[in-house]
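Annotation comment: TrEMBL describes 3-183 as domain 'Formyl transferase N-terminal'. Taken from TrEMBL, the feature N(1)-(5-phospho-beta-D-ribosyl)glycinamide binding site covers Gly13, Thr14, Asn15. TrEMBL lists Lys66, Met91, Arg92, Ile93, Ile94, Asn108 with the feature (6R)-10-formyltetrahydrofolate binding site. Under the heading active site, proton donor, TrEMBL lists His110. Positions annotated as site 'Raises pKa of active site His' by TrEMBL: Asp146.
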Amino acid sequence: MLKQIAVFASGNGTNFVALHQATAARQLPATIALLVCDQAQAPVIAKARALQVPVLIVDFHDYANKAAAEEIILTALQARQIDAVLLAGYMRIIGSTLLTAYPHKIINLHPALLPKFPGRHGIEDAFAAGVSETGVTIHYIDAGIDTGQIIAQRTVPVKSDDTLATLATRIHDCEYQFYPDVLQTLINEGAI
């Protein structure tokens, strides 16, 4: 039986597309049953619609508080019997409503080797620090910012002739393959 997953994204959606390709190729024994987006103009929305993935746009400014917005999201997740939530460039901190409903079932992809360089600018921060390697971390979400239990990491070397753009490209290329690989393992092991 295919797992029902939701992807949360806020931007371009390149990792969303990579995840969709992995499900379409049956690398991931899952169906992306919902895209949740908090930015009404995000390019990921058009990509999801083109791939016939249902979209829920939640503008958090339309709600009294985060919990009220997350209740709308939770209702949609429960209606689709979502087994796990995958964050792919989702730029909001997940609140207690979703954390309580999906313990150890919300997974994030971060473009740095945590615990180093948490937050929105992992690639930029690693590049500015002059490290010899950085990478990609996949971790469970908790109430902190990039502090959840690490599931897996893959290193990406920082080359002497790298620019921020070339490093970012290599990190993103790593993400597109690594995220589906780790998720496949989690599904096969029954963690999702």
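Glycine residues also receive a Cβ, built from the backbone N, Cα and C atoms like all the rest.
Features recorded in TrEMBL, as mapped to the structure shown.
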residue	record	DSSP (3 states)
Gly13	N(1)-(5-phospho-beta-D-ribosyl)glycinamide binding site	coil
Lys66	(6R)-10-formyltetrahydrofolate binding site	helix
Met91	(6R)-10-formyltetrahydrofolate binding site	coil
Asn108	(6R)-10-formyltetrahydrofolate binding site	strand
Asp146	site 'Raises pKa of active site His'	coil
Number of other Cβ atoms within 10 Å of the Cβ of Asn108 ((6R)-10-formyltetrahydrofolate binding site) across all protein chains: 23
For the domain 'Formyl transferase N-terminal' (3-183), mean pLDDT (0 to 100): 96
Site of maximum Cβ density within 10 Å, from binding-site residues Met91, Ile93, Ile94: Ile94
Set of same-chain residues at least 6 away whose C-beta sits under 8 angstroms from Thr14 (N(1)-(5-phospho-beta-D-ribosyl)glycinamide binding site): Gly89, His172, Tyr176
Asp146 (site 'Raises pKa of active site His'): tally of other CB atoms within 10 A of its CB: 21
Distance, Asp146 (site 'Raises pKa of active site His') to Asn108 ((6R)-10-formyltetrahydrofolate binding site) (CA atoms, angstrom): 8
Residues near Lys66 ((6R)-10-formyltetrahydrofolate binding site) in space but at least six apart in sequence (CB under 8 A): Phe60, Gly95, Thr97
Listed in sequence order, residues with CB under 8 A of Gly13 (N(1)-(5-phospho-beta-D-ribosyl)glycinamide binding site) and six or more positions away: Ala42, Pro43, Val44, Ile45, Lys47, Ala48, Ala88, Gly89
From recorded positions Asn15, Arg92, Ile93, Ile94, Asp146, the one whose Cα lies nearest His110 (active site, proton donor): Asp146
Check: same-chain CB within 8 A of N(1)-(5-phospho-beta-D-ribosyl)glycinamide site center, minus Gly13, Thr14, Asn15: Ala9, Gly11, Asn12, Phe16, Val17, Ala18, Val44, Lys47, Ala88, Gly89
Rounded Cα-Cα span from Asp146 (site 'Raises pKa of active site His') to Ile93 ((6R)-10-formyltetrahydrofolate binding site), Å: 9
Rounded Cα-Cα span from Ile94 ((6R)-10-formyltetrahydrofolate binding site) to Asp146 (site 'Raises pKa of active site His'), Å: 11
Integer Å distance between the CA atoms belonging to Asn15 (N(1)-(5-phospho-beta-D-ribosyl)glycinamide binding site) and Ile94 ((6R)-10-formyltetrahydrofolate binding site): 19
